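K.L.:
Just dropping this structure here.
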Amino acid sequence: MTAAQAGFLIGSRPIVEFLSGPFWSQFASRFRKQKLLLLFSLGSLVLFTLGIGLVQPVTPYCIVYVPEGNKTCQTMLAPAGKIIRGGALGMLKETLVGGSTKPARHRRQTQSPLVEKIIDLSSFDSEEDTIAGIAPEYITRDRVCNYNEDNYGILVSPPHSTRVYRQPAVEQAFMLLLILICLCEFFSSPALPLADAATLHAVRDNPAEFGKIRLMASVGWGLAMFIMGIALDYSDTFRNHPCPAENTTEKNYTLCFVMCVIFMLAAMGLASKFKFDDDMAAPGEVGGLVMDTREAEVSHVVAEKARARVTQSEGGSGSENSLLLAMKALASMHILLFFISVVVMGGGAGLVFSFLYWHLQDIGGSPVLFGILSVVNHASEIITYFYVFKLINKYGHVRVMYLCLAVNFFRFMALSILDNPWMVLPLQVLQGACLATVWSCASSYISLVAPPHAKQHAQYALQVGYHGIGKGIGSIVGGSVISVIGSRTTFVIYGLICLATCAGSFGLNKLFKYEGIKYGAGNFEEEDMDIMAPQGVPMARDGKITDAFNATTVVNANYGAIAQEDPTQDAYDRYVSTTR
């Protein structure tokens, strides 16, 4: 499957999730069967995960290595071995109905000399000819001497595998996977909001505890990735492989689907113990409530600076669309630039989660490395959780977003030039810290600047921008670009986009510094913010406000206001000075 197809499959998930969100929110609010809906969602996830794991195109051919004595032809197509379909049930049926295991032993004996000859075609590629991220490899006459497109059709071979597929079969598998993934995401999307709603209700007396509970998701994700990475490194043995080979780098990812089902069944057992009351929040309101759980950690000074950027707006008419009303309330150049920065960061998150391990495998990374990288990433997220608001209170939301964009630029430029996959470990520390900081910064900023009548929809727009548009479109567009120019060049392009977004936001924020902003008492610009003195003692500093006060005339009756030019007053002053 190409990177474009893989990116489309991964990117469609967050898009379907947010498109289905309003439907499930209305459904849960109307029927008030939250626990039943939660169990149904988790059960759907189990069933569709099993279905996705069973989708695989037929393997008609293998690549066979011709002995070295033949200089004109080194690789050839050979028919794939017979396999037993249907998993464990299929093998049991073959044993019982077939009546004997002799055919299976005979098949292994006849294929054993062939095992030494079956090869992975990508292992014969030189480093100069290999472009990380571009897959699969098309079978050509130059690579396989007995290949004829008229007889065999278009054939492709994935990297790190001995299988050869017909391209139409791969496209059929892609369409089937797309349907299953969209249905899976549609039916399972209420699970997380409902679980969050139950957790928020349980900690309603102390909402700050919610974030610490959610941290366990990062712990579970990191540990599961680490354990499965080790397991995958030892999963290179296939009992039912059509193209068996020694020293293969192909991994049996069926193990991942099985473990996912086991974890989901355990989650269903725990979810059955949740308590749902009638006064609980609807799934559509949960996202905003989650954002508000840490709003109190933002200092009062930083909060006032953030609110000073908002264009003042009224509630609007009741007939006006509430989401449109929220957009009008946030119609400020500064907030628009902040939203663009969040979407760009979300695109990087989608690109990394979809294709980082794809890229690392192409340059020699192993599943164990992927597991370690996941542990490092989530450990960094957990540590950042406890310190992110200290950073925001010290430098402000906008400056922190500048910092995250700059870190993303450095990280992706480094990813594009590294040849040793283990050197990515330090970059994963930056990734975990950066992504955790971006979401905490964005969610608290929007919660502060959104007017009360538009707050819920502004928070929903942020979720759509970061998770839906950012991660979804980032995966789709990133996969399409990788399939053409490779992952290294794609990382460079995204890094430059981050740099351009950072520089553009900084410049435009300076250019439109006073447009649409009403500064109240005690408010000053976020870009000119200094570190607060201990115990709130004001710091002596000169700035534009001080200069304005110094320019005030003594004879001006409006004490404390900036002096205005008055032709009559100037003429009187000149008359008095000349008469003296």
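The backbone N, Cα and C atoms fix where each Cβ goes, and this holds for glycine too.
Okay, these came from TrEMBL:
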type     : residues : note
DOMAIN   : 2-492    : domain 'Major facilitator superfamily associated'
TRANSMEM : 36-55    : transmembrane segment
TRANSMEM : 173-192  : transmembrane segment
TRANSMEM : 213-232  : transmembrane segment
TRANSMEM : 252-271  : transmembrane segment
TRANSMEM : 335-356  : transmembrane segment
TRANSMEM : 368-388  : transmembrane segment
TRANSMEM : 400-418  : transmembrane segment
TRANSMEM : 430-452  : transmembrane segment
TRANSMEM : 464-485  : transmembrane segment
TRANSMEM : 491-508  : transmembrane segment
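In terms of burial and nearby residues, how do these features look in this structure?
P.N.:
Beyond the ends of the transmembrane segment (36-55), by six or more residues, the same chain brings 24, 27-28, 87, 173, 176-177, 180-181, 183-184, 187-191, 194-195, 198, 254, 257-258, 260-261, 264-265, 267-268, 271-272, 274 to within a C-beta distance below 8 angstroms of the stretch.
Listed as Cβ neighbours of the transmembrane segment (173-192) (distance under 8 Å, sequence separation of 6 or more from its ends, same chain) are residues 1, 5, 8-9, 12-13, 16-17, 20-21, 24, 27-28, 37-38, 40-42, 44-45, 48-49, 51-52, 55-57, 283.
Residues of the same chain lying 6 or more positions beyond the ends of the transmembrane segment (213-232) and with a Cβ under 8 Å from any Cβ of it are 196, 199, 203, 251-253, 255-256, 259, 263, 290, 366-372, 374-375, 377-379, 381-382, 385.
Beyond the ends of the transmembrane segment (335-356), by six or more residues, the same chain brings 3, 6-7, 10-11, 14, 133, 309-310, 373, 397-398, 401, 404-405, 408, 412, 415, 424, 431, 434-435, 438, 442, 445, 449, 461-462, 465-467, 469-475, 477-479, 482, 487, 490-491, 494, 497-498, 501-502, 504-505, 508-509 to within a C-beta distance below 8 angstroms of the stretch.
Long-range contacts of the transmembrane segment (400-418) within its own chain (CB-CB distance under 8 A, at least 6 residues past either end) are made by residues 338, 341-342, 344-345, 348, 356, 359, 363, 391-392, 424, 427, 430-431, 433-434, 437-438, 441-442, 488-489, 491-492, 494-496, 498-499, 501-502, 505-506.
Within the chain carrying the transmembrane segment (464-485), a Cβ under 8 angstroms from the stretch's Cβ atoms is held by residues 2-8, 10-15, 17-18, 131, 133-134, 339, 342-351, 353-355, 358, 438-439, 442, 493-494, all 6 or more beyond its ends.
Nonlocal intrachain contacts for the transmembrane segment (491-508), taken as residues 6+ away from its ends with a CB within less than 8 angstroms of a stretch CB, comprise 333, 337-338, 340-341, 344-345, 347-348, 351, 359, 398, 401-402, 405-406, 408-413, 415-416, 478, 481.
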K.L.:
For the domain 'Major facilitator superfamily associated' (2-492), what's the model's average pLDDT?
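P.N.:
That region's mean pLDDT is 79.
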